[in-house]
Structure formats: C-alpha cells, structure tokens
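Working notes, structure below.
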C-alpha cells in the first residue's frame with residue numbers, strides 16, 4: 001500500500017523545540033542527564049521484580065510491564081530529537097514519519113489500557129480481597145497485559161491508516177520535534193473533516209472514556225478505604241495516590257492534545273515534550289518511591 005500512495009512530499013522538515021543554538025544545547029544537556037538517571041531506574045525496576053520472588057504479586061508484575069512499556073514509548077521520539085540538536089537541517093522521511101506515528105499511538109494506547117488494568121488490580125485488592133487470587137491470577141494478568149498491547153496495536157493501525165491516506169501536496173514543514181497526525185492534517189490538501197472526526201472518535205474519545213473510568217474506579221476505592229483499619233488504609237491509600245498521580249500526568253496532556261477536535265492546540269510543543277519524553281519515564285519511579293517493599297528490594301539488588 002505504501003508503494004501506491006499518491007503524494008508529492010517525500011520528507012518533512014522538523015522545526016524542533018527551538019531555533020536558538022544555545023537553547024538547543026541547554027535542552028539537550030537536560031534531556032541527556034534525565035535519561036542517564038531515569039532510564040537505568042526503569043531497567044532496575046524490571047530487574048528487581050524479575051529477581052525478587054517476594055515481589056511476585058500481580059501489582060509488581062503490572063508495574064514491571066509498565067516500566068518496560070515506558071522504555072519502549074520513550075524510544076520512539078526522543079532519540080531522533082536528541083540527534084537533531086546537532087543538525088542544522090532537521091528532516092524526517094515520509095516512511096519514518098509514518099512509522100513514528102504508528103509506534104507513538106500503539107505504545108501510548110497500550111500504556112493507557114495498562115493503567116486501566118492496574119486500576120482493576122487495585123479495585124479487586126480492596127473491594128474483593130477474598131477473591132483476589134482467583135480474579136487477578138498470573139494468567140489473568142497475562143491476559144490483561146496482552147489485551148493492553150493488542151488494543152494499542154489496533155489503535156496504532158487505525159491512526160496509521162488514517163495518516164497514510166492523507167494527500168500531502170506541500171509545504172513539508174512540521175512545527176514540532178516529531179511526526180504526529182495533527183501536523184499532517186495541517187499540511188493536507190484535501191477536506192480533513194472526516195479524518196479529524198475519525199481521529200477524535202478513535203483517539204480523544206478512548207482517552208476521555210478511560211480517564212473517566214479510572215476516576216470512578218479510584219473514587220470508589222478511596223471511599224471504600226474509610227471502613228478499613230488505619231494500617232491497611234495507609235498502605236492502600238499510598239498505592240492509590242501513586243496511581244492517581246500517574247493517571248493525571250499521563251491522561252491530562254493526552255486529553256489536551258487529542259481531546260480537542262477541529263482546533264489548534266496552544267503550547268502543543270511544550271505539552272508534547274512532557275507527554276512523550278518526561279512523564280513516561282517518571283511513571284514507574286512515582287510508583288516505586290511510594291512503595292517501601294520495592295524500594296527495599298531495589299536497594300538490596302544495588303548493594304549486591
């Protein structure tokens with residue numbers, strides 16, 4: 001299909017985050033330090049959960065999957081962005097652009113669905129504790145993780161199909177540091193209303209529905225905690241607060257970018273940086289910093 005498309009644009013020029021060289025070097029240094037600290041932290045979470053038999057509960061299995069998914073997600077746009085800081089002419093080919101769009105939405109949607117699976121795990125743990133081992137067994141967790149990846153793949157394929165059929169007749173300048181369907185819609189030389197409507201139904205509606213579902217779920221959990229003992233309440237509340245923080249920092253920017261159909265999004269570049277570069281790698285760290293068990297296991301592994 002990619003051989004028979006009808007377009008006149010073979011590559012895109014990326015304007016990046018800034019045109020000022022000094023500003024670019026400051027941003028590059030910040031992102032490089034961030035990656036050197038946070039990326040090994042995510043790998044350490046995965047290794048810790050894998051090595052420590054005491055962390056065999058579904059919650060930690062899902063956390064390790066989230067860390068892995070975030071590492072994959074942060075391998076889509078940042079490497080190209082960091083390399084472009086040293087290039088005067090920042091370009092990306094048409095095929096690379098389409099590939100970036102697919103993986104960005106595939107992994108982003110998979111993470112959104114995985115957060116729903118993690119909310120299900122906490123809901124059962126608090127509201128159905130006697131049935132927890134049956135309702136959230138390892139096989140159930142594997143199905144939930146598989147469903148998250150499968151749902152993300154379907155989502156990515158749909159967005160890819162919408163993108164590849166957009167007629168692009170020039171210009172070829174994208175005012176961003178990566179390719180996304182929003183920018184391509186601005187360059188399209190056809191009526192984009194049907195595509196924008198499908199994009200909103202597939203993108204914005206899914207994000208908003210998942211966000212509302214998660215809010216309801218955690219509200220019920222926090223209300224349910226009122227009847228528990230102080231010790232149990234503090235432990236579960238700490239975990240739930242971590243989940244709620246991650247839900248807001250992941251879904252907030254996503255809803256801002258994709259939940260406003262048929263209009264330009266102010267400060268899109270800034271929000272996109274946090275959504276695609278900063279927040280994903282910090283998500284597992286937020287869970288970890290508030291969890292004493294995994295902190296202790298990580299420290300033991302580091303000392304070894």
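Including glycine, each Cβ sits where the backbone N, Cα and C put it.
Just so you know, TrEMBL annotations are computer predictions that nobody has curated.
Note that the structure is a prediction, hence the values are computed from the model and not measured.
Sequence annotations record features per position, and here TrEMBL assigns domain 'G-protein coupled receptors family 1 profile' to 41-287.
The feature transmembrane segment is assigned by TrEMBL to 25-47 (among others).
What TrEMBL records for 59-78 (among others) is transmembrane segment. Using a Cβ-Cβ cut-off under 8 Å and counting only residues 6 or more beyond its ends in the same chain, the transmembrane segment (59-78) has close neighbours at 31, 35, 39, 42-43, 45-46, 49-50, 100, 103-104, 107-108, 110-111, 114-115, 117-118, 121-122, 125, 138, 141, 144-145, 177-178, 239, 276-277, 280-281, 283-284, 287-288, 294.
The transmembrane segment annotation in TrEMBL covers 98-120 (among others).
The annotation transmembrane segment is assigned in TrEMBL to 140-164 (among others).
The transmembrane segment annotation in TrEMBL covers 204-224 (among others). Packing against the transmembrane segment (204-224) from elsewhere in the chain are residues 109, 112-113, 115-116, 119-120, 122-123, 126-127, 155, 236-237, 240, 243-244, 247, 251, 254-255, 258-261: each is 6 or more residues past its ends and has a CB under 8 Å from a CB in it.
Remote same-chain residues near the transmembrane segment (236-258) are listed as 59, 108, 111-112, 115, 118-119, 122, 125-126, 182, 199-200, 203-204, 207-208, 210-211, 214-215, 218, 221-222, 225, 228, 265, 268, 271-272, 274-275, 279-280, 282-283, 286-287, 290-291 (criterion: CB distance under 8 Å, separation of at least six residues from the stretch ends). Residues annotated as transmembrane segment in TrEMBL: 236-258 (among others).
The feature transmembrane segment is assigned by TrEMBL to 270-289 (among others).
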Inset, instruction - Return the stretch with the most CB pairs under 8 A relative to the transmembrane segment (270-289), choosing among 25-47, 98-120, 140-164. - result: 25-47
Inset, instruction - State the mean pLDDT for the domain 'G-protein coupled receptors family 1 profile' (41-287). - result: 85
